[in-house]
Amino acid sequence: MFVKNFIHKLKELKQKSLDKFANLLYDYGGYVYDRPCTFIICSLICCLLLTCGFYFKEHEKDIYKLYSISNSYAYETNETINDFFYKSRRCFILVESNVNLLKPKILRELQKFEEGTKDIEVDLSEINECKTNSELPPEQSHVAKELYKTLIQRSEENLKSGKINGSLFDYSDLDENGKSVLSLAGKENNDDTLIEGDNKNDEETSANNNNNEDDNNEDDNNEDDNNEDDNNENDNNNNNEDDNNNDDDDDEDNEEEDEEKQKSLREKLYRKIYEMLKKKKENIVLDENNPNVNFTDYKDDVFYPYQYIPPMLIKADRCKLQNVFGDKNLNIDLREASDGLKKQITYTLEDICEKKYGDCNFSSLFLYYEKGNGYIDYPIKVDNLDFYVNRRTYKEMMFKGILGNMVYEKSGSKYIIKSANAIMTVIPLLNSHTYEPYALAYEKKLIDYVRFYNLDDIIQDEETNDDNDPFIRFHVFTDRSLEDEVDRISKIDNLTRLLLLIGVLLIFMYALFNNVTSVLYRSKPLCAVMGIFCGFLGFLSGSGFLYFLGVKSVPPAETVPFLVIGVGVDDVFVILNSYSLLFMVKDNKKRIQMCLKDSALAITVTTLTNIIAFLISAISPFYSICAFSLFTASSLFFGYLMVLTFLLSFLCIEAKLEKKKRNIFTGTFHLFRSIFMKSSKKNKKENKENNIHDDGDNDNDEKKKDLSLEVKNNEDDYENISIYEWIHNLYLFEESINKKKKNAALVYASNNGMSSNLNNVNEDGFPNPSKIVSMEDVKKRNIKKDDAYINKEDEEGGGYYNKDDNKKKDILGKKQKKNNNNVTLVSKKGEDNELDVYYENLDEKTNDKYKMNNIKSSKLKYDNDKKDGAIINNRPSSDEEYKEEKDKNKINILNDVFNDITIKPNENILLDRGDVIKSSGYDSSYNDLQSSSLPNPSSNEVLNKTTMVYNETDLKDNKKEIKSSKKNVKDIKKSDMIHDDTYDIINSNNKNILLSSNEINNNSNNTNKFNNNSTELATKDTQQFINGHDKNIYLLSSHDNALFYKYIYEEPKGNIGKYFRSLVKNYYVPFLSSRFGKTIVYIMFTIIIAMSIYGCTLMKKGIKYDKAFPVDSYVRRFTTAKIKYFPDFGDFIEVYYFDKHFINKYRGLEKNTKEAASSFLYSDLTDRQIMNSPKINKNVHWENTNLQEELINMHNTLESQEFVTSVANGFTFFLNKNKSSLRKENPQEFYEIFANWLKKDFVGNLFKNDFVFLNGKLVAWRFHYFQKNVDDSEISSKWLKACKQITKLENHNVQMVCFHLSSIFNETDESIIEVTLINLGITILTILVVTAYIIKGFYSCVIIALIIFLIDLCIFGFMCLCGITMNIISMVILVLSVGFSIDHTSHIVQAFSHSMGRTRDEKMKESLHLMIGPVLHSGLSTWFVISTLFFSNKDFTVIFFQTLSLVLFFSITFSSMFLPVLLSSFGPLH
C-alpha cells in the first residue's frame, strides 16, 4: 500500500512539474513575442562574449595523454621509464627507390645527403620552450637537491682518483654486510662512451656537473636558510623511519605488509604533529605527501655505474646555455636574450647527438666504409647479415635492418650484397630533460631537410625493377613527428573549412526546401537560416566557454561543429512542425505560445538526452574522448539556449509578417516599387474602390480556395484544441467522409419487393454498373458555369455577400462583408416557398475579370416564416438579432452529395452519411463542399440535397477516382457498403428519396453497426438528434461542420509540411497499417537483426597508431614504406623490470607526487592491481637458479611468438655464457661474475647501460625485441597482452612492463569493448530515467529500451560488416547513437502515448502523421552536414562519418518503420 501511494504521489509530482514547465514555456513564448529584437541582441552579445574564449585556445600535444587509458600503465610506465632510464630520441630516415641504390653513383649522392644532416644548423630562436613567458623548470625538493649534489661530487671524486678509465666498470668483492663496493679494474680501453643520458666525454661531463652544481648552490643556500629549523626539527622523528627503511630488504612478505600499514599510520601521526608544531604550512619544504623523507636515507646510496644519476633528479634550468653547452662558455638565459642574439648562436647535430667512440652513434650503411673497411666502388661483403662489426672502428651493424629488399648471394662464409631498394638510417639524439627542447628544434629542421631532398636527376637513366619510371623518395620519422601531426589534426585546416562550408550549404538548401512554400508569407526561410546559425553560435559559445576554463583542444573536437549544426537544425524542424500544425489559431501570439508549449518540451528532452550521453562519455578513461564529449555537450547546451532565444525571436518576427501577409522580401519589394513604380493618388484611389467592389480582386491564390463562411460562434473551441486533438478529429472526419477509401463509388437502396427492381440488377444479384450514379453524372447535372445566369438571379432580387478585407459595413444594397472568404453565398426566394442556394467560386486569374462557378443546389423546403426570409434578404435592426438569425442558416458540409436523389418511404434502407459521401466519389482533396442541414427525419419532408463546388483541378482529380469506380460489387459488399439484399438502382431522374421515421426505428438495431461510433465531434444539435432517434444516425450541426472544415480538415495552402503530411497520410500510413505492410516490415527487420548478429562475430578492435594522422602525413608514408621494405623490423619493444623498493623510495623525492588519473569505467586487473601488490618485484634473488631458468624460458617463449622477430636480452646472454659458474646461488659470487662479464666481454659491454645496481643489488634492467610489421590492428594489438603475460614470473613475484609508443593504442584496443559496454549501459539507463519522466507509462519505456538495444546491435554489427574496427572514435559514436535513437524514438512514442486514437492502429497513424516529418528531416539534415566528412584527409573524421551514417540510418528506419508497427501490435492502448 505504501509503495502504491508513493508511486501515485510520484506521478502527481511528475505531472505537476511537467504542467508547470509547460506553463512556464507558454508564458515565456508570449514574453519573447512582445520583444523579439531585444532577445536577438542579448543572445548575440552573450555569444560574442563567450566566443572570446577562443583567444585562450590551446592544443593538447601530449600523445600519451591523448590516447592512453588514464588509469592503465601505458602513461605511468612511460613516466617511470623517463624517471629512471635514459632513452634516446631516434630519427629515422628511409630512402626508397625502384632502382638499385647500391650503385656507386647513387651511393655517393646518398653519402652527401647523410653528411648534410650533420651540417644542419639551428639557431636558438627556434627553441620554443625558452620564450620570454615560458614556464620555469619544476622546483625540486630539498632532499633531491642535496642528493643530486652528492652524486655529482662522488662522480668527480671517482674521476680524480682514477677509478674510472674509459667506460668499463668492475665490481669489487662484496663486504661483510652483503653490499658490493663498486670499483674499476683499470683496464686499458679507448672506449669514450659516456654515462647514458649525458653522452659526453668525461671532461665535458665533469664541466657540466660543476656548472649545474654551481648554479644550484645559491638556490640551495636560500632553501637551507629558510628551512634549516624545519629539517632539524624532523631529524629525530625520522630516525626510527630510517631504521625501518634499512631493514625492509630482510623482512618476509607478510611482515612487509604489516610494516607498511604501521608505517602509514606513523606517517599520518607524524604529519599531524608536525603541522601542529610548525603552524606555517607554506614554509614546509618537504613533500606534503611524504613528510618523513630525509636526506640520511639516501646519502649512503651507491649506484653502478658511478656516474649514473636518476634522470628524475636532473632538473637544471635548460634555458641557461651553460647547463646545456658547457664547452661553449655561454652564460646566457634564453628567456632574457633578444631575438637577434638568439639567431647569432647556432648548434649542430654534433652538440646534441648520442656519441660512441667520440662520434655520433649513427646506424647507417656508411659505417661499413669507415676507415677503409670497404669501398663504394666494390660490392659489400659481410660474414653476418644479422650482426656485423666493422673491425677497424668496432661499430656494429645490422644489415637486415639497414637495407630493404636486399638481394645477396653467399660465397663461402661471406655474403655479397648486390642490390637493395631501400636504405634506413637512424640518428640517436639526447633525450634528457636538459637537451629535449634543442633536440626538438633540430628534428624540425631535419624533417624539412629530408622531405624536400631530391635526387631524381641522378636516376633518370637507371634500370628499374618494376618497369615504371625511376623514382627515389625520402621519408623521415622523429619523436616529434607524432606530436606535430597530432597538433596538425587538432587544428581546422583549409580542407576542413571548405568541407564545413559545403556541409552548411547543403543543410541550408535542405532547410529552405522544407520551409519555403508557394505561399511566401507562410514560408519560414528566416527561421531555416537562423536554425543553422543557432548550431554554429552554440558551437562558438560552448567551445569558447571551455577554453575559458582551460580545456585543451583535441583532434576529435574538429568534428564538433558538424555535429552540433546537424543536431541543432533538428530543433528547428520540431518547432516549425508544431507551429504549422497550429494553423487553426488565428492569434499569432497565442500560436507562438502554444507552439513553444508543445515543441519546447520535446526538444528539451532530446537535447537533455544528448547532453547526458556526452557527459557520461566524458568520464571515460580516454582523455581525447573526454575532451570531445565536453566540447559537444557544452555546444549542444548553448545551441539549445540559442534556439529558445535567437530562433524563437525570428519565428515571432516571421509570425507577425505572416499576419500582415508579408514576408522578409516584402520590404525590399516595396522599396524598389517606390523607386521605379511611383503611382498617383488617383490610381491608388481607383484601386481602393476596385478592392471594395471586386470582392477580393487582389487576394492571392491560396485565398481563392478558402471556404467563405460567416461563422464565428465557438471558434475559440477550435483554437484551443491541442495538436493531438486536431489530428484525431482529422482522421475521424476522414473516416466519416471516406471510411475505407477504396476505388468504388456506389449508392444503393432496397424496396419493399424485389420484383420491382429486377431490371436494375444483374444475374449475380448486384447492381448493374450501367445504372450506378457516378460522380461524373452528378457534376454534369449540378455544375453550371454560366455567369449570365448568376447575374440574372441577382437582378431578380437575389442577394450576395461581398468580401472586403478592410471594412465591415453594407455596400451596394444587399452586399455584406465576408472575412477570409472567396466563396460567396447567393440566395433567392423562389416559388413554392423554396430557397435557392448558390455558391460562387471566384477564380481570379486576371486582375480585370473574375469568374464564378455556381452550382444551383436542390430547392430546400422550409417554413414560410417571414423572419426566416428576412435573414437572407434583410439585415435585422440589431447585431444580436442578426447573429441569431445568421446561426439558423449555418451551412452543413456532411449532407448528401447527390442531386435529385431521394429515399422512398417504404424502402428497407440503412444509410450511413459517411458512406454516402464516400460512395459519391468525393475525396478529401476537394476544397469546398457545402450543404444545408437536414430537417427532422421523422417528418416526410424532403431531405437536403447536395451542393458541391469544384474547381478545374478537382474535376481532373475526380475523373481519376471515377475511372476506378468500376470495382466489382462483390468487393464493395465485403466492405460493408451493401446494406441489404435488395437493390433499387438510382437513376438520374429528379426523384425524391424519402425515409420514414418508422422504418428508421424498425431498423435501428441493424443501423448501429454502420454509424460512426465516435462522439468527439458531437454537439448539442447532433446529440439531441441522436438521442431522439436511438442514435441511428450520427451527424454534426451545420455550424460545427463549417467550423470543422475551416479549422481542422482543410490545411491552408502553403502551410509548412502540408504536402509531406498528405503523402504520409495517403500512402505511407495506409501501407504501414496494412497486414501486408506489417509483414514486410517484420521480415525485413528480422533479416537486418540476423545480419547484425552475424556481423558481431566478425568484430575487430584497434587502430594502427599511424592511422591517427592525416592521409597526406609524411608519418603514414614512412610507415607504409617501412612495412614494405622492412617487414621483420617493426616496432622496437622495450621490456623493463623495476624493483618496487627502489621506485617507491626515489619517487618520494619528488616535491609533487604524480598521481595517475583514474576512471571507474575501467580497471586493468592485469596491470594496476598486480603492480600494486606488496609481493610483486620485491626482494628478488636473481642468483636463484630456478629464477634464472625461468628467465631463459621466458626469453625462448617470447622469441617463438609469431609477432617477434629477434630479442636482444643482455640478462639471458649473461646466463647462457656463465651458466656453469652460477650454480652455487651465492649473491656475492653472482654479482662478481656479472661485473666481470659487463667489463670484459664485448657483448656484455653492449648491454652495460641496460642495468642499474644500487647498493649491491640489481634494481632495474631492460631488454628489447623487434616485432613484425603487420598492417592489421587486430594482430598488432595482441602483442601487448602477450608480452605482459609472458614476462610475468609468478613463482618469483616478478612482473615486467612492456612498452612502445603504440602501446597507448594497443592497451586501448584491449579495453575498448569493456569500456564501451559499461558506457553504453550507464548511458541507456540514465537516459531512460530521464525519458520516463516525460513519456507516459512504464510499458512505453520498455519499448524505447528495446528499440535502443536493437539500434545499437545493428550499428555494432554493420560496423563490423563494413570493416570499421572498434576504437575510441567508434566507441563515442556508439554512445552518441543512444542519444540519436532516444531522440527519434521518444518523438514517436510520445506522440503515440498522447494520441487520442481508439485502437492501436489509429494511435499509430496519428503519431506518424504528427512526428515522422521532424524525425525524417532531423536525420537527413544531420547527414547532409556530416556527409562532407567523407572527403576529409583524416581517418578519424572518415570513421566518424561512416559510423554516424549507420547511426542515423538505423535510428530513422527503426523509428519510422519498425517502431510504429511494433506499437500498432503491442503498444500501450491507454
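Note: Cβ is positioned from N, Cα and C throughout, glycine not excepted.
Relative to the membrane, Ala1282 and Leu1469 are recorded by Swiss-Prot on opposite sides. The stretch that Swiss-Prot tags with transmembrane segment, taken from the ranges 344-375, 408-439, 440-471, 1400-1431, is 1400-1431. Within the set Asn294, Asn1013, Asn1306, Swiss-Prot records N-linked glycosylation site at Asn294. In Swiss-Prot, the entry for N-linked glycosylation site among Asn720, Asn944, Asn1218 corresponds to Asn1218. Of the candidates Asn78, Asn494, Asn515, Asn951, Swiss-Prot marks one as N-linked glycosylation site, and that one is Asn78. From the options 306-321, 722-737, 1058-1073, 1122-1137, the stretch Swiss-Prot describes as intramembrane segment is 1058-1073. Contact counts against the transmembrane segment (623-659), taken as Cβ pairs under 8 Å, peak for 36-56 among the stretches 36-56, 1075-1098, 1338-1361, 1368-1394, 1435-1466.
Most Cβ pairs within less than 8 Å of the transmembrane segment (1368-1394), among stretches 494-514, 555-582, 588-619, 1075-1098, 1301-1334, belong to 588-619. The predicted model assigns the topological domain 'Cytoplasmic' (660-663) a mean pLDDT of 78. Taking residue pairs at least 6 apart in sequence, the transmembrane segment (36-56) and the transmembrane segment (525-549) share three or more C-beta contacts under 8 angstroms. Looking at 36-56, 494-514, 1075-1098, the range that has the most CB pairs within less than 8 A of the transmembrane segment (1400-1431) turns out to be 494-514.
Among the recorded stretches 36-56, 555-582, 1075-1098, 1338-1361, 1435-1466, the one sharing the largest number of Cβ pairs closer than 8 Å with the transmembrane segment (494-514) is 555-582. Contact between the transmembrane segment (1075-1098) and the transmembrane segment (36-56) is not supported, since fewer than 3 Cβ pairs fall under 8 Å when only residues 6 or more apart in sequence are counted. Contact between the transmembrane segment (555-582) and the transmembrane segment (1435-1466) is supported by 3 or more Cβ pairs under 8 Å, counting only residues 6 or more apart in sequence. A separation of roughly 40 Å, to the nearest angstrom, links the Cα atoms of Asn361 (N-linked glycosylation site) and Asn294 (N-linked glycosylation site). Within 10 Å of the C-beta of Asn1218 (N-linked glycosylation site) we count 17 further C-beta atoms, all protein chains included. With pairs at least 6 apart in sequence, the transmembrane segment (588-619) and the transmembrane segment (1301-1334) have 3 or more Cβ pairs within the 8 Å limit; the two touch.
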